[in-house]
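*Asks:* Take a look at what Swiss-Prot says about it:
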| type | residues | note |
| --- | --- | --- |
| ACT_SITE | Glu404 | active site |
| DOMAIN | 556-611 | domain 'TSP type-1 1' |
| DOMAIN | 846-904 | domain 'TSP type-1 2' |
| DOMAIN | 905-961 | domain 'TSP type-1 3' |
| DOMAIN | 966-1023 | domain 'TSP type-1 4' |
| DOMAIN | 1024-1073 | domain 'TSP type-1 5' |
| DOMAIN | 1358-1416 | domain 'TSP type-1 10' |
| CARBOHYD | Asn92 | N-linked glycosylation site |
| CARBOHYD | Asn191 | N-linked glycosylation site |
| CARBOHYD | Asn445 | N-linked glycosylation site |
| CARBOHYD | Asn702 | N-linked glycosylation site |
| CARBOHYD | Asn717 | N-linked glycosylation site |
| CARBOHYD | Asn809 | N-linked glycosylation site |
| CARBOHYD | Asn1061 | N-linked glycosylation site |
| CARBOHYD | Asn1456 | N-linked glycosylation site |
| CARBOHYD | Asn1542 | N-linked glycosylation site |
| CARBOHYD | Asn1572 | N-linked glycosylation site |
| CARBOHYD | Asn1763 | N-linked glycosylation site |
| CARBOHYD | Asn1852 | N-linked glycosylation site |
Amino acid sequence: MWVAKWLTGLLYHLSLFITRSWEVDFHPRQEALVRTLTSYEVVIPERVNEFGEVFPQSHHFSRQKRSSEALEPMPFRTHYRFTAYGQLFQLNLTADASFLAAGYTEVHLGTPERGAWESDAGPSDLRHCFYRGQVNSQEDYKAVVSLCGGLTGTFKGQNGEYFLEPIMKADGNEYEDGHNKPHLIYRQDLNNSFLQTLKYCSVSESQIKETSLPFHTYSNMNEDLNVMKERVLGHTSKNVPLKDERRHSRKKRLISYPRYIEIMVTADAKVVSAHGSNLQNYILTLMSIVATIYKDPSIGNLIHIVVVKLVMIHREEEGPVINFDGATTLKNFCSWQQTQNDLDDVHPSHHDTAVLITREDICSSKEKCNMLGLSYLGTICDPLQSCFINEEKGLISAFTIAHELGHTLGVQHDDNPRCKEMKVTKYHVMAPALSFHMSPWSWSNCSRKYVTEFLDTGYGECLLDKPDEEIYNLPSELPGSRYDGNKQCELAFGPGSQMCPHINICMHLWCTSTEKLHKGCFTQHVPPADGTDCGPGMHCRHGLCVNKETETRPVNGEWGPWEPYSSCSRTCGGGIESATRRCNRPEPRNGGNYCVGRRMKFRSCNTDSCPKGTQDFREKQCSDFNGKHLDISGIPSNVRWLPRYSGIGTKDRCKLYCQVAGTNYFYLLKDMVEDGTPCGTETHDICVQGQCMAAGCDHVLNSSAKIDKCGVCGGDNSSCKTITGVFNSSHYGYNVVVKIPAGATNVDIRQYSYSGQPDDSYLALSDAEGNFLFNGNFLLSTSKKEINVQGTRTVIEYSGSNNAVERINSTNRQEKEILIEVLCVGNLYNPDVHYSFNIPLEERSDMFTWDPYGPWEGCTKMCQGLQRRNITCIHKSDHSVVSDKECDHLPLPSFVTQSCNTDCELRWHVIGKSECSSQCGQGYRTLDIHCMKYSIHEGQTVQVDDHYCGDQLKPPTQELCHGNCVFTRWHYSEWSQCSRSCGGGERSRESYCMNNFGHRLADNECQELSRVTRENCNEFSCPSWAASEWSECLVTCGKGTKQRQVWCQLNVDHLSDGFCNSSTKPESLSPCELHTCASWQVGPWGPCTTTCGHGYQMRDVKCVNELASAVLEDTECHEASRPSDRQSCVLTPCSFISKLETALLPTVLIKKMAQWRHGSWTPCSVSCGRGTQARYVSCRDALDRIADESYCAHLPRPAEIWDCFTPCGEWQAGDWSPCSASCGHGKTTRQVLCMNYHQPIDENYCDPEVRPLMEQECSLAACPPAHSHFPSSPVQPSYYLSTNLPLTQKLEDNENQVVHPSVRGNQWRTGPWGSCSSSCSGGLQHRAVVCQDENGQSASYCDAASKPPELQQCGPGPCPQWNYGNWGECSQTCGGGIKSRLVICQFPNGQILEDHNCEIVNKPPSVIQCHMHACPADVSWHQEPWTSCSASCGKGRKYREVFCIDQFQRKLEDTNCSQVQKPPTHKACRSVRCPSWKANSWNECSVTCGSGVQQRDVYCRLKGVGQVVEEMCDQSTRPCSQRRCWSQDCVQHKGMERGRLNCSTSCERKDSHQRMECTDNQIRQVNEIVYNSSTISLTSKNCRNPPCNYIVVTADSSQCANNCGFSYRQRITYCTEIPSTKKHKLHRLRPIVYQECPVVPSSQVYQCINSCLHLATWKVGKWSKCSVTCGIGIMKRQVKCITKHGLSSDLCLNHLKPGAQKKCYANDCKSFTTCKEIQVKNHIRKDGDYYLNIKGRIIKIYCADMYLENPKEYLTLVQGEENFSEVYGFRLKNPYQCPFNGSRREDCECDNGHLAAGYTVFSKIRIDLTSMQIKTTDLLFSKTIFGNAVPFATAGDCYSAFRCPQGQFSINLSGTGMKISSTAKWLTQGSYTSVSIRRSEDGTRFFGKCGGYCGKCLPHMTTGLPIQVI
């Protein structure tokens, strides 16, 4: 371990050394950047695969060049890793160039400098450069980089934002691409002085408009802007076709649409010069970051950033005028960008907005240049002002571009007051300035709301047009899928070259040679292209063969369910209820799109009209700002705001514009009126979420109800009649035209001028009281205006006097009578006035009346309240209730009231009292006072909420009390002996009650005190049986046994079995059963080959699986036990047949008796590798003669040639031994073996030409001369072997070899070696050796001397062995003790293993008994009881006597018990606390000068009790309570005459005084009390003063101000005069001296109790409810300073103020930890997703079987398709090979016969929340694609015995909040099993490959598959 730490430290310091070596080679531009940084590092990124593994050094990756022709295709995904700031960063990147338009163009203005740009080169296609992704697999940590010319971009880490860029050389050139290219990385934390001066932007749209146009001309400003737009659009519309009208069709609001911001980027000359040829890559990297920020789901909308044009200005005069003034530069750029834009939306070069990136400082003034950007607010669709500028500051500029672009979308800063209302506590993209704690990748909730409102209110219509051509996306198709391996070889080595088989495909691309003279395979040390197939369902990715389904894909957002409707926005007049849904099922991830569709829905509510006299809803919203001048210059503090209707644009009708009463100035006070506010006075449409929506006169959304001409909603025009008339006579002055009554509607008055020209007749309007509303007092209103009739909601429009047709009109119902007049002056032409209006029918108006006897309303109070009847409008005929509108013209009657709830009373009641605060002496206690409802008739009292008693004065909540100074407590005896010696027992003791004076009391006197008389003891563990894990089944098939070791242990020590209960000893053997063994099956014997004499007969012998009834390969059965398939047979002797008779045999009979005969196989044609075997085959007749093969044609011909395979060996060398000499020259040696599958074989199987050296020379330091007189003796070399080269005896591999026959052609035949009996050295292998003749029949005679061995040793290396240390000390010197030692399992090289790797039965004991002899005379220590404590209070000691006794209880000398440890004879004890003296602070000196006395209070105090009698303290230690003091020297004083005063203005005095002042020797005025007043002569005169009233005011003395506890205070009385005049107010009372007061003052003494009493005290209210329903929240209460009379005061001391808020914890949301709890506590029986508290974190769990008694918990797998298990079905026909280098191929020599094959995919997995394990065998939420179901995290195959696993499993718990524990282990089962498991760094992903012949892996049965919360 320490070596690893040392190496880590060394590598760290080496990395620092390498980093520092780059620091001096900066380009001037980067050097200037570095100077502004507080920290930076230089790193060298490494390209890695997705598991973080570095690619081989031989594989050189050439980073992409910034050119249109790529040297190599860039991968769709890539990974880089580097270490900086003490952290490891891995960037997982995916190609993304979607922010570039398909028609993206680059424009150069001015002539580029020679050498920096290629004049003839077209625009570079840099789409292959840009990538985005995540850091360390964390979704919240984003990364955006360009890979061209290095890594340039930014990413977010745990500690903030980081920026990365390749380092440029000082001469401006780049470092060569390759592995050693240095990069500069720095954090956002620029140095403080630099950072504090930077702001995103300090000039907003409102400020710019404020300086250019005053607010009161807001409407004119809009009109001017509209005129300018019409001019621009009108000028261009002549040449622009209108074929794209669909693009500007108005979309439905409050629906999420995709938006496309087409942007033009302009770089000024300084930026172009600074970045040179890297400019395009740099600018587009910035825009790639911007596009990623606008893709973040926190913005709440789907917004695409599309770069359509990049303009590069090489000469300043070619671009806009740029100077230090930011506002001017912005204005110039906005004008210039219009010339670069094509207003046709379908044109590829059209842009919605434009950005200027400049290196010029952006200043708001000459002295203030701290802005990073500037833009207009909300002008994204304004072609004149949709533009912004940004100062280039490196990669950080991407965030400022995103920020300024947000302003054009109407988003304000995160510190905006509106954002504060939304409780935005953290800054995001729209932070007001750069800060250390901002999060620039995401958007605040406030910004999200701004963007959504901006788009929903129609200001982003221009962003709806999607580019006609598809946005360019990098192809996701991998290159290897287009060019297979053979095609790649042809491209690399020429036509005809193909991929080499049997080699790891994905590591390197190996290809065959095209030159016949040089056969073999070649590679360029690069892997094949990503996407090259490497097996079924697999392909190559970054040098690895991975599953095609493991790719991370973007996740598009989907809408969640609708939330409940909100409360109604209005109580009457038509309110709105809204419901929303969120894009969170799921949320968009990995760059997925935001949801598209409706996000809000609405419905009308409370549609009844408001009662008469109710304030207008918009007027009410304006009045909320009354008295608020909003920091607007010129607005008074008592301002009154009125609603503004005229002069407001159509789009702005739902904003709250209010005007200052009495003026025409109006201002925008809120961006949005409340839902349900009418859009205007002339319409019934209402505002919803800032938009004007259609509504009817019935206040219902989308209603078609309209008001008829009579003013009735939904009426039929039958309830009124029209009055018309003409007035045309006049005289000078005002003439009455017509009187319009209340209730009239549709008033229309028109005055036609004389001869169509303006004349001298003017309409005027007045109310019933004669007050003119306009044109009164011969003053005319020439312009159009709207008049609100005071006290009504009636609005009357007037056209203005300067019109040929002067008009007054109003559609509303007139609530008051008005008078129409005409003013005639000048020429006195007759006026021509036409009027018309509607009035209700008289008979209809009498049909309705008010009914004051409607239903009773609710009682105003709980007790002793009032209630009134509701007044309703009814029809006189049938008394049916109708709308109140029908009675609006009638006066409202008085309400009918009555008393209610008279059967009860509300009272304050004391329901409880606390204990007295002082147990001894005076104190106070708290009263629990609550409001109680007392039932008069029933006599019952019920507690109600305190607010019901709010009109009654609440009694004080504290009262005085007195403690009895008696304290009680429990005293105890000693504990008894424990009932058990181990495993948890119990002991007890006696208790009795005593007081503080030592007197025993009855137990009930202490019953309120806690008493402990029993407690647990000896809770340590008893010896118990322990068992190791079960071994694997001792058979590979069929029934067998498994074993384990069982021992008795105490903690970790082993004891003899006698210490444990034998009856509970676990079993050490257990039966086990595996799959049915394959066995040999024989058929019946066939007929004898002859009809007489000797012959043989054959039978079928097959290897079968009886359970599956399947025939297997013979290799599946044990060769040595194979039954014979041939035996001899003897029939009756044959009669002699002569040659003549033979010749006469029928030919047919000869043919029928012919059969095939074959010999044995020859040795393999090669010594190792793949070869052939041969044997002879011939047709023999009945006489065993060679016959024509046609005679045997009726039988199948046996094969003559057969493929054979013998593994080849390879040389393996051990470690070199130490040099044979200690100095000078020597030799070193090592062992070299020919190995095959970790087994040494004969050296003939290895190539002797490449055999490694076994010996070499070594040189050390020269030997000293003093030691060179005698030659050193030769040293024998030692052989050092590495751990993977075991030293074994040389074995002869005679597998399948033939020994030459020694007896009549007979020969030994050998079978294959069986499996090794041990996994390490010391094992044995068996094989069958039989003697056969040349025909393959069993024979009895072979040369015994040449018989091959049937048995050989085997094992890949030395076995681990038990090793143990020395015994420790015995725990006892006699009477039986134990001693222990360390016993471990380890290899000879020292590597320590777990115990189960060694033979458990041979483990040496680690604990044994010792000193079993009896102790001498069986003596022991006797312990007397403890004495009482030596101190009555405080600390003391207890003592006891301990002496040695024998078995007869006789006392002995202590030396006889020396072998036994003596118990302690004393111990510390503590009684009650001792009282102590307490001294207060010294009082002031008794004199002001000279010598005096100081005093202080000293008393005896007991901590926790308070003051006690002084006899309880030690008098000798009492502090002094008095001491002498000395003030300044006394001085002489005298009186000085200051002249005579006039008569005093005070009362009661009847003379004036000559004022005398008391002064010292230096004539300094001093206090008069130090001077003798008898020496002052007074003269006076009589005065007449008014009479006086006097009061006596008492107040507390200051003695109690700082003294709390037991002390005294004196109530001081002083007199105050009150003059009789009424002008004086109470706060001007003046105190005068006592002698002047006719009231006798009283002086009283009171006792101060605990805390000082004040004139006012803090009063607290009730705690509010917790601010959250679950988790940690805040509770608040009111804390006020109140006098005893209940008045507010400021006399309370702040340091005594109680807290006004405190934390609270509501655990409702965390109270459920299992689905069972949810089922029981919430009575839920529905399966579904619920949130559970698992180990302190809220996790979403699927609860299944909720209708059953025991529900189950399942974890939903977000990446469902990446959770699968597979048992591979193919089996190699030759299992002793691994073709295609372990990759899967469908054309393998395989059969698909594995019975257990299957493939299962999981969507949910069951978890056990108690053990925190996954139930891998629960398949409820799984889908088996084919074959058998496979448990979770399990894989296997029956493919190969050559470490070539094909079975796979995958686990991906990303997004679930859980991960696999690091303690997870996998167990292997079967034969020849091998396992390879990869784990991600965060533990959420596992990928495993398992298999054998046959074999599988599964989670360990002991630990299961443990999981834990992330």
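In case you wondered, yes, glycine gets a Cβ from its N, Cα and C as well.
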*Asks:* Could you tell me which of these glycosylation sites, Asn1456, Asn1763, has the greatest number of Cβ atoms within 10 Å of its own Cβ?
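*Replies:* Result of the Cβ crowding comparison: Asn1763.
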*Asks:* Go through Asn445, Asn702, Asn1061, Asn1852, our glycosylation sites, and report the one whose Cβ sees the most other Cβ atoms within 10 Å.
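*Replies:* Selected residue: Asn1852.
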*Asks:* If you measure from the Cα of Asn1456 (N-linked glycosylation site), which of the recorded positions Glu404, Asn1061, Asn1852 is the nearest?
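*Replies:* Looking at Cα distances from Asn1456 (N-linked glycosylation site), the smallest one goes to Asn1061.
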*Asks:* Using DSSP reduced to three states, classify Glu404 (active site) as helix, strand or coil.
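*Replies:* For Glu404 (active site) - judged by DSSP and reduced to three states - the answer is helix.
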*Asks:* Using the structure shown, find which entry in Asn92, Asn717, Asn809 (the glycosylation sites) has the sparsest Cβ neighbourhood within 10 Å.
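*Replies:* Least crowded of the glycosylation sites Asn92, Asn717, Asn809, by Cβ count within 10 Å, is Asn717.
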*Asks:* For the domain 'TSP type-1 10' (1358-1416), what's the mean pLDDT in this predicted model?
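*Replies:* Mean pLDDT for the domain 'TSP type-1 10' (1358-1416): 79.
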*Asks:* Run through the Cβ atoms and count how many others sit within 10 Å of the one on Glu404 (active site).
*Replies:* 22
*Asks:* Please list the DSSP helix, strand and coil residue counts for the domain 'TSP type-1 3' (905-961).
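*Replies:* Across the domain 'TSP type-1 3' (905-961), the residues distribute as 4 helix, 32 strand, 21 coil.
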*Asks:* Give me the CA-CA distance between Glu404 (active site) and Asn809 (N-linked glycosylation site), in Å, as a whole number.
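*Replies:* Cα-Cα distance, Glu404 (active site) to Asn809 (N-linked glycosylation site): 48 Å.
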*Asks:* Could you find out if DSSP has Asn92 (N-linked glycosylation site) as helix, strand or coil?
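*Replies:* Note: Asn92 (N-linked glycosylation site) is in a strand by DSSP.
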*Asks:* Cα-Cα, whole number of Å: Asn717 (N-linked glycosylation site) versus Asn809 (N-linked glycosylation site)?
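*Replies:* The separation of the Cα atoms works out to 19 Å.
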*Asks:* Mind tallying the domain 'TSP type-1 1' (556-611) by DSSP state, helix then strand then coil?
*Replies:* 0 helix, 15 strand, 41 coil
*Asks:* Quick one: what's DSSP say for Asn445 (N-linked glycosylation site), helix, strand or coil?
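*Replies:* The residue in question, Asn445 (N-linked glycosylation site), is helix (DSSP, three-state).
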*Asks:* If you compare CA-to-CA distances from Asn1852 (N-linked glycosylation site) to each of the glycosylation sites Asn445, Asn702, Asn809, which comes out shortest?
*Replies:* Asn445
*Asks:* Sort the glycosylation sites Asn92, Asn702, Asn1061, Asn1763 by C-alpha distance from Asn445 (N-linked glycosylation site) and give me just the closest.
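*Replies:* Nearest candidate: Asn92.
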*Asks:* What subset of the glycosylation sites Asn92, Asn702, Asn809, Asn1763 lies within 10 angstroms of Asn1061 (N-linked glycosylation site), using C-alpha positions?
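*Replies:* Taking Asn92, Asn702, Asn809, Asn1763 one by one, none has a Cα falling within 10 Å of Asn1061 (N-linked glycosylation site).
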*Asks:* So of all those glycosylation sites, Asn92, Asn702, Asn1763, which one's Cα sits nearest to Asn809 (N-linked glycosylation site)?
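*Replies:* Its closest listed neighbour, by Cα, is Asn702.
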*Asks:* With DSSP, how much of the domain 'TSP type-1 10' (1358-1416) is helix, how much strand and how much coil, in residues?
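*Replies:* The composition, in the requested order, is 7 helix, 18 strand, 34 coil.
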